[in-house]
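Asker: According to TrEMBL, the record shows the following:
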BINDING   Asn95, His100, Glu105  oxalate binding site
BINDING   His98, His100, Glu105, His144  Mn(2+) binding site
DOMAIN    52-197  domain 'Cupin type-1'
SIGNAL    1-23  signal peptide
Amino acid sequence: MASTQKLFFLLLSSFAIIRLASAADPDITSDFVIPTNVTAPVDGNFFTFTGIRALVGAPLPPNFKVTKASLAEFPALNGQSVSLAVLEFPAGTTNPPHTHPRSAELLFLIQGSLQVGFVDTTNKLFSQTLQAGDMFVFPKGLVHFQYNADAQKPSIAVSAFGSASAGTVSLPATLFTTSIDDTILAKAFKTDVATIQALKAGLAPKP
């Protein structure tokens, strides 16, 4: 990642978090929340997250990867209504259609290009092709996706959320890797059970 892109990464990540801060999470009545299992005095280390440091200068992964700084990874976010994720897209990879039930998502593209879009409650698709430096907002709870259509170049984006725990519901996984009956899915998608079973087999975890 070039030095200019690193600077954008730092500045825009901070900006996005501040802009997305909202009352999506329950309000707290103290400055911050200390987990009950923390007994030592809290200092600056508690408010520092280093889990994304390993990405700086590292090679891209072979498959699409999300590195999160949410409540699960960074307990200091509890009650602060913010979180962040770094999205790495090798050439030709996608972040499949999904939703975040507890927050909007503000995506900043720092490298490459991305095809992005969301579908509203009237089933209208809003899509765009982003270039490095562009931002796109996915409204709270709506189905959306990101796709690196470039067959040669990778893409990297940073997403900020107005919740410490935005949640992710992946449509392919939710529909085809859970225990929903094949017949129900076949009727819903107006296809046959064999097609549903083939989809489930393709999405099953590899041994």
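The backbone N, Cα and C atoms fix where each Cβ goes, and this holds for glycine too.
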Asker: Give me the sequence-ordered set of same-chain residues, not including Asn95, His100, Glu105, with a C-beta within 8 angstroms of the centroid of the oxalate site's C-beta atoms.
Answerer: Ala85, His98, Thr99, Leu107, Phe138, His144, Gln146, Ser159, Phe161, Ala166, Thr168
Asker: How many Å lie between the Cα of Glu105 (oxalate binding site) and the Cα of His144 (Mn(2+) binding site)?
Answerer: 10
Asker: If I take every residue in the domain 'Cupin type-1' (52-197) and average their pLDDT values, what number comes out?
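Answerer: Overall, the domain 'Cupin type-1' (52-197) comes to a mean pLDDT of 96.
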Asker: If you draw a 10 Å sphere around the Cβ of Asn95 (oxalate binding site), how many other Cβ atoms fall inside it, taking every protein chain shown into account?
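Answerer: So the number of other Cβ atoms within 10 Å of Asn95 (oxalate binding site) is 22.
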Asker: Hey, which of the binding-site residues His98, His100, His144 is the loneliest by Cβ count within 10 Å?
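Answerer: The binding-site residues His98, His100, His144 were compared, and His98 has the fewest Cβ atoms within 10 Å.
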Asker: Measure from the Cβ of Glu105 (oxalate binding site) and count the other Cβ atoms within 10 Å, all protein chains considered.
Answerer: 25
